[in-house]
Amino acid sequence: MAQSRALSQLRPPPSPSPDAAAEDLRPPVVSPFAADDVHAIPLATLQMAPDRGTRPEPAQSPPPNNLNPQSPTPAYRDDADDDDAELQQDPARVRSILAQRAAEPQNFTLRGILVGLAIGIVICFSNTYFGLQTGWVSSMAMPSALLGFAWFRLMSRHLRLPFSPVENVLIQSVAGSVGTMPLGCGFVGVIPALQYLLKPEENGPLDVGLWKLIVWAVGICFFGVVFAVPLRRQVIIREKLKFPSGTAAALMIGVLHGQYGKGQVIRQDDHRDTQERDGDDGERSHLLVGRADSPPPQTFPETDAENEAGTGLDAQSDWKAKVRLLTIAFGVSAVYTVFTYFVPQLRDVPIFGLHLAHNWLWTLNPSPAYIGQGIIMGPETTLHMLLGAILGWGLLSPLAKNKGWAPGPVSDWETGSKGWIVWVSLAIMLADSLVSLGWLILRPLVNYARVWLPRLTDHFRQRTWSDIFSFDVHSLKSLNGYTAIDGTQTLKRDPSDEEEDAPPEHLISTRTTLIGLVLSLGLSIGAVHYVFGNLVPLSLNILGLFLALMLSIMGVRALGETDLNPVSGISKLTQLLIALAIPNAATNKNAVVINLVAGALSESGALQAGDLMQDIKTGHLLGAAPNAQFWGQMIGSGVGAVLSAVIYRLYTNVYEVPGKLFEVPTGFVWIFTARLVTGKGLPPMVMQWALGAGLVFAVGTAIRVGEQTKAGTRRWTRFVPGGIAVAVGMYNTPSFTLARTIGGLMNLYWLRYRGKQETPLIVLASGLILGEGLLSIVNLLLASLAVPHL
């Protein structure tokens, strides 16, 4: 869960100020620097299904002046400013650096691929486990980079080639693509819904064997990656979208490799977001690369004394402390996980008494992993989720039970209040998604209208009717070159405003893209037909893929601008649109299956495209070869698809689904959405409450979105609840939300009241999450052997 923020230029470390720290309720800073060296580096390593996080908010104090201080300060580099100015004015030198980096053999290595796959396997197990429990999925980009660095650091004396930043980027890309496949292939939501939640009158439940699961996963795991390739030049090179998490990952990798303050920086001018700059002409972001006149960086110096003396970063020696913290957190979480197998009562501690625990499901799951998730989410998100739990489980659940709208046991998804409140949470998610995605589409049109309409009006006022109807081409040419959307660039783009790019031989060729797109789309169509047969007509299969491609563009742009990939909203929008194309949807027995498959395609495409672009941004900042990253992502996606299918089958063969351990709440959200849009009916009084809640949160989301587009976002907007976070708090049982809230409050205490840096906190949280996720394999083995509980 991330807030979109700006990165301050390096400057002398100021003294910590409690007053300044108190300015922000939740500063989700993920940084390799000391806390007072960074004003805001964003975090978006978190992905959630169906929620990928709360709506990000701009920093409370306008960032632009931090980005472009009036006078440079040579705090960390003796000659940095002269070199930076020279480099900024010398595009040829920039191209030379990028070419040098892209040509390094470390861009694509077998050892990098294998280490990335190994890390990705751990993340894949973790994401499948937590995804089936609550729908939570994380790419773990920064822990992947740190683990890859630590491994090669330990093996440095045995390496033929030095480990470099571009190889670190490869490891992160491969690991992330493997780890997110449980979400990308639908194994935490759509597939459980098809296998376990479909009713007989909906042609369910479907019996999908392991082989078909693998075919399905491999079939849909590539097209989003390939389709994202043509978007790279537009969103990264031309528009220079921020992709804050990609930027933050690049900074961490650069610091780990001892480059920040040691080499030169390439600066990029971003002329896009004037509302975030208060009139500044350009935004400066640091691109971590080595000197053009220096050899490729030797990442592992013989001694720590070679680190940046006087910079305060001490990156080379600090990595050991981070790895040690990650290992300790991993071990604590692992021991707890195995212990809970023998004492399962620890998963539901009745902290509010036995009555509330047994009758209304108010318990606490003190899992270190869920506390770690809350640390990463931050206080704003977790408190909004707590609000959702209070509204759903404290108010609506007793109301529905006592009024007879949900007469069954509270824990029953079909007749109990547990299932009843999911409909309300679904309405909130749909309202939030439609408003957010609608604004994402509408905003460029509004901005263009603001530019063109006044000029067109003036143009026609100066012409007679005869001039207008004569279609004078020469007079219309005067409309060219108008000030563009943000007032700082012309609509007719100047090529000199574009980012310097890697050499053509290191880019993904148009031929490769076209062939890959045709093959991947054909593979997806064939896989869907093989797995589901005549249940999904070919025409609707193709339509679902078309919607997936179009909406993935929206996802990439949203991720680049806000650090949030709205895959939940995109999939729900696809379900709504595809329902309109299904003949006789209300009476068609296959309507729900078709709707679920189409939504899964959109979610997969948007997730793959966004993840690739985030990693490409990291690689671009560090000078990595884009074609190497692309093939690394393709390899990781293929391996992750097969692996996630196998892991999913392992868990579902041993544990009951839905059951005590794996409730698959996102599976219910998926199938309830399909039934809603295909007209399958609603429980009593759901429509009234869902419409009311949806309207309230649509207004709230509109307020948040509207305020975020202004130059100075008001601090009170953080108290307007985020629809997605509230909905997640409603459809997950309170035991998970309470644990996440503890983690969010720990984040608040550590950053705001202690004024400490966040990097150790994120490393700690990552270790807690990975420990339980990986050691769940041991519990799986114990359960399969029927080892008794205590």
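Cβ from N, Cα, C; glycine included.
TrEMBL labels come from automatic prediction, so no person has curated them.
Among the features that TrEMBL reports, compositional bias 'Low complexity' is placed at 1-10.
Marked as compositional bias 'Basic and acidic residues' by TrEMBL: 267-286.
Look at TrEMBL and you will find 1-85 (among others) tagged as region 'Disordered'.
Sequence annotations record features per position, and here TrEMBL assigns region 'Disordered' to 266-313 (among others).
Here the transmembrane segment (108-130) has Cβ contacts under 8 Å with residues 136-140, 144, 147-148, 151-152, 161, 167, 170-183, 187-188, 369, 373, 625, 628, 631-632, 635-636, 639-640, 643-644, 647-648, 651, 769-770, 772-774, 776-777 of the same chain, all six or more residues outside its ends. The feature transmembrane segment is assigned by TrEMBL to 108-130 (among others).
For 136-154 (among others), the entry in TrEMBL reads transmembrane segment.
The transmembrane segment annotation in TrEMBL covers 174-198 (among others).
Per TrEMBL, transmembrane segment is recorded for 210-231 (among others). Listed as Cβ neighbours of the transmembrane segment (210-231) (distance under 8 Å, sequence separation of 6 or more from its ends, same chain) are residues 177, 181, 184-187, 191, 508, 513, 516-517, 520-521, 523-524, 526-528, 530-531, 545, 548-549, 552-553, 556, 600-601, 604-610, 612-613, 630, 633-634, 637-638, 640-642, 644-646, 648-649.
What TrEMBL records for 325-343 (among others) is transmembrane segment.
The transmembrane segment annotation in TrEMBL covers 420-442 (among others).
Sequence annotations record features per position, and here TrEMBL assigns transmembrane segment to 514-532 (among others). Note on the transmembrane segment (514-532): residues 206, 208, 212, 215-216, 218-220, 222-223, 225-227, 229, 538, 541-542, 545, 593, 597, 601 of its chain, located 6 or more positions outside it, place their CB under 8 angstroms from a CB of the stretch.
Annotation comment: TrEMBL describes 538-559 (among others) as transmembrane segment.
The transmembrane segment annotation in TrEMBL covers 630-651 (among others). When Cβ-Cβ distances below 8 Å are used as the criterion, the transmembrane segment (630-651) is approached by residues 108, 112-113, 116-117, 120-121, 124-125, 128-129, 132, 170, 173-182, 184-185, 187, 191, 210, 213-214, 216-218, 220-222, 225, 229, 508, 608, 611-612, 615, 657, 662, 780 of the same chain, each at least six residues removed from its ends.
Residues or ranges marked as transmembrane segment by TrEMBL: 686-705 (among others).
Same-chain residues lying 6+ beyond the ends of the transmembrane segment (761-787) with a Cβ under 8 Å from its Cβ atoms: 30, 43, 122-123, 125-127, 129-130, 138, 140, 142-143, 146, 322, 325-334, 336-338, 340-341, 367-369, 371-373, 375-376, 650-651, 654-655, 743, 746-747, 750-751. What TrEMBL records for 761-787 (among others) is transmembrane segment.
The stretch in closest packing with the transmembrane segment (538-559), judged by the count of Cβ pairs under 8 Å and taken from 136-154, 174-198, 325-343, 420-442, is 420-442. Sequence-remote contacts of a segment are chain residues at least 6 beyond its ends whose Cβ falls under 8 Å from one of its Cβ atoms, and for the transmembrane segment (136-154) they are 30, 45-49, 112, 115-116, 119-120, 123, 126-127, 130, 163, 167-168, 171-172, 175-176, 179-180, 182-183, 188, 245, 248-249, 252-253, 256-257, 300, 319, 322-323, 326, 373, 376, 611, 614-615, 618, 762-763, 766-767, 769-770.
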